[in-house]
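Okay, structure first, notes after.
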Amino acid sequence: MQVPKCEICDDDFSSEEDGDHNPRNLKCSHTLCEGCIKKLLKNGRVVCPFCREPTEVPVYNIKSLHKNFSLIQMIKIVTKTTEVEKNWDNFPPKCVEHPYNVAEFACIESNCSSKNKLMCQTCEEFGAHKGHAKELLITKTDKFRKKLEFWINQLKLNIQNCTVKKNELEEAVVKSEQLLNIKVKKIKNHFDKIRQSVDKKEKGIIDETTAEATRIQKFNNEKITYLIDLQARHVKDIEAIEKQKNMTDIDLYNTGIDLPCFFGHLNIEVFRPADTKEMDIKLPNFKFEDGS
């Protein structure tokens, strides 16, 4: 049987002297718990949520409403019956061989061949368990319960240990992640400095090589320009010599020739390209993954 409930809050009514779950009657005979009546109390009256009939509550005193004693008595009976049923469930069972007896003993004989280890006094004296060592069923189950309680405590202890270890591991994971971030930042800073240094070194070598190449190109271009001008002057000299060569004998004899005027341009130095040894560079040694 179940304890009756308040139809408003769905909580069990109580048979205790005081408390919000005591059943009290309204004027219309409907029953509510004190807690719900307190919530419904307004302007010194309670309007029944079922029939809407108002009930006056003098001086807001809910205790002035009559308790539903018949319901309280019923609650006490139900509570007592429930306790008896619980105790009865734990009573020793009837003996299978002798149903008129209670099987209050458990056979603990090591060589017992009977499948049913529960026995009564008759089983011990005249039945299948005659002369067998026995133990009270309640004593045996108490030992079981103590062992079960021990296992429960051990499991709870293991749960606590698991929680401690889990927390330690979670903390280690967080610390490891933090350390990783620090290490990664340090590594990036290190290689950033290397890249900056390499970039600076690369720019310096390129600028130095470019400047030397520019100087060599300027030198060679100046000599090329000079030789082009010299070629043009020689072409004019050839034209002048051809003109003189084609003169009549008398004119050529009278004019004569001025050899220094022509051959002064022939004594030129040999122009060689500028030396490119200064463009040889020595790159910093670095071990690449391909072995180069």
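Yeah, the Cβs are placed from backbone N, Cα and C, and that goes for glycine too.
Range with Swiss-Prot annotation coiled coil, chosen from 40-67, 68-95, 152-179, is 152-179. Given the ranges 6-52, 194-240, the record in Swiss-Prot names 6-52 as zinc finger.
Note on the zinc finger (6-52): DSSP counts are 7 helix, 11 strand, 29 coil.
For CYS95 (Zn(2+) binding site), the count of additional Cβ atoms within 10 Å of its Cβ stands at 21 [all protein chains shown]. The residues near the Zn(2+) site, meaning same-chain residues not in CYS95, HIS98, CYS123, HIS129 whose C-beta sits within 8 angstroms of the mean position of the site's C-beta atoms, are VAL96, GLU97, ASN101, ALA103, LEU118, MET119, CYS120, GLN121, THR122, GLU124, GLY127, ALA128, in sequence order.
With DSSP classes pooled into helix, strand and coil, the tally for the zinc finger (90-137) is 6 helix, 10 strand, 32 coil. Between the binding-site residues HIS98, HIS129, the minimum number of other C-beta atoms within 10 Å of a residue's C-beta occurs at HIS98.
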